[in-house]
Amino acid sequence: MSAQKVPPLTYKIIAECSVSKARAGIMSLCHSDVETPVFMPVGTTGTLKGVLPDQLVDLDCKILLSNTYHLGLRPGIDILEKAGGLHKFMAWPRALLTDSGGFQMVSLLKLAEIDENGVNFRSPFDNTECMLTPEHSIQIQNVIGADIIMQLDDVVKTTTTGPRVEEAMHRTIRWVDRCSEAHSRDQEQSLFPIVQGGLDPELRKQCVAGLLERPVRGYAVGGLSGGESKDDFWRTVNICTDLLPKDKPRYLMGVGFAADLVVCVALGIDMFDCVFPTRTARFGCALVISGQLNLKQKKYSLDMRPIDEECECSTCKTYTRSYLHHIVTVEPVACSLLTVHNISFQLSLMRQMRSAIEKNEFPKFVQEFMIKHFGNDPIPKWITEAMAAVNIKLLEDKDLMSENDLTLRN
């Protein structure tokens, strides 16, 4: 009798918050075991600007995101195929996830035309035309060889209303079938469908119901973090996690602000990605528990402390705020140093949440995080309402916080 093949993705929940929808798990992929909740740094074209793969390994990063549309244009599938896939091409030994190119329907809308067949893009590099169909998106992703690949979805701007939103939702369901049929490496790569439907709860419910009929190993929630109100944002996430199965990973696309990550983990999301921590590093900003330090500001010129005295990254162990102040946005190495720190911050935040969930102390973690993050400013109403929806009470009078306040009160 032949041995049964292990699927390319298995997901095991190892702990659940007894109060909220937060959970900690292990997602086993061909190239890595990935602990969730997880933040995935974005290397759009197979690289994080200014950071080497070895540095990401040192930060214990287990999974990166790259973009199908951009890799398909440059270097192109012929070169990637000759290289043996993106893992070998970029010398990255751990897991990869590729976005399908659907987001570019919004970000490059002026260069794109959309119909049932697919998306006709005009290259931003040389103005040549490129038709990205569901089949072609999967063909590119099969060559790239990422552990998790995304269906091509019909993406509309988040704040769009009217029949176009419903059209995009139904088309997304139809396209996942075309993607599945074109997928030639199912024993090595796992295809995730994407929940669409804009900010309309009923359309989101219809989309989830349609996707649940398809045999897949995980789900993504798309079409958010694009200009909608935070109130609409969290309510849409909450609806989706209520409906998606518990035994499969849930990926919220394009979300990376620290407070958003904490809220959405409480709402039951497992995976995140965003360009924010790397992009903000290029503008001289370092992430800390209270938000950001704009190291271009003169007040840091004589500050001999590290960015974060509790951070274990190589930047904080070696360099001062003063040194970084004098080189940010001037010397290319500053981008590398701040990117290392910002990625370390994001990964550390996820580790802290996993630990809190495993200890069944997640509500306490959320309460303490929000107090540190917002300081003397009031916690935004949308956050308090989102947390109340999953039974986490945030303190209104932070000055009167006591040990009793850090225990959930029903």
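In case you wondered, yes, glycine gets a Cβ from its N, Cα and C as well.
Note: TrEMBL annotation is automatic and uncurated.
According to TrEMBL, the active site, proton acceptor annotation covers Asp99. Within the same chain, residues at least 6 positions away in sequence whose Cβ sits under 8 Å from that of Asp99 (active site, proton acceptor) are Leu65, Ser66, Asn67, Thr68, Tyr69, Met150, Met253.
The Cβ of Asp273 (active site, nucleophile) lies under 8 Å from the Cβ of Phe39, Met40, Pro41, Val42, Leu65, Leu97, Tyr251, Met253, Gly254, Val255, Gly256, each of these being in the same chain and 6 or more residues away along the sequence. Annotated active site, nucleophile per TrEMBL: Asp273, in sequence order.
If you look up TrEMBL, you'll see Asp99, Ser100, Gly101, Gly102, Phe103, Asp153, Gln196, Gly223 marked as substrate binding site. When Cβ atoms from all protein chains are considered, those within 10 Å of Ser100 (substrate binding site) total 28, not counting its own.
Long-range Cβ neighbours of His341 (Zn(2+) binding site) (same chain, at least 6 residues apart, Cβ-Cβ under 8 Å): Ala281, Ala286, Leu287, Ile307, Asp308, Cys311, Cys313, Thr315, Cys316. Feature annotation from TrEMBL assigns Zn(2+) binding site to Cys311, Cys313, Cys316, His341.
The feature domain 'tRNA-guanine(15) transglycosylase-like' is assigned by TrEMBL to 20-373.
For the region 'RNA binding' (254-260), the residues of the chain that approach it from at least six positions outside its boundaries are 39, 103, 222, 224-226, 233, 269, 272-277, 287, 289, 291, 345-346, 349, 370, 373, 383, judged by C-beta separation under 8 angstroms. Positions annotated as region 'RNA binding' by TrEMBL: 254-260 (among others).
If you look up TrEMBL, you'll see 278-282 (among others) marked as region 'RNA binding'. Beyond its flanks by at least six residues, the region 'RNA binding' (278-282) meets 41-42, 48-51, 292, 329, 335, 338-339, 341-343 of its own chain at Cβ-Cβ distances under 8 Å.
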Worksheet item: So which one is it: of the binding-site residues Cys311, Cys313, Cys316, which has the fewest other Cβ atoms within 10 Å?
Response: Cys311
Discussion item. Neighbour count, 10 Å Cβ-Cβ cut-off, for Gly223 (substrate binding site): what number do you get?
Written reply: 32
Item to complete: Give the sequence-ordered set of same-chain residues, not counting Cys311, Cys313, Cys316, His341, with Cβ within 8 Å of the centre of the Cβ atoms defining the Zn(2+) site.
Response: Pro306, Ile307, Asp308, Glu312, Ser314, Thr315, Lys317, Val340, Ser344, Phe345
Practice prompt. Report, as a single number, how many Cβ atoms besides its own are within 10 Å of the Cβ of Gln196 (substrate binding site).
Written response: 28
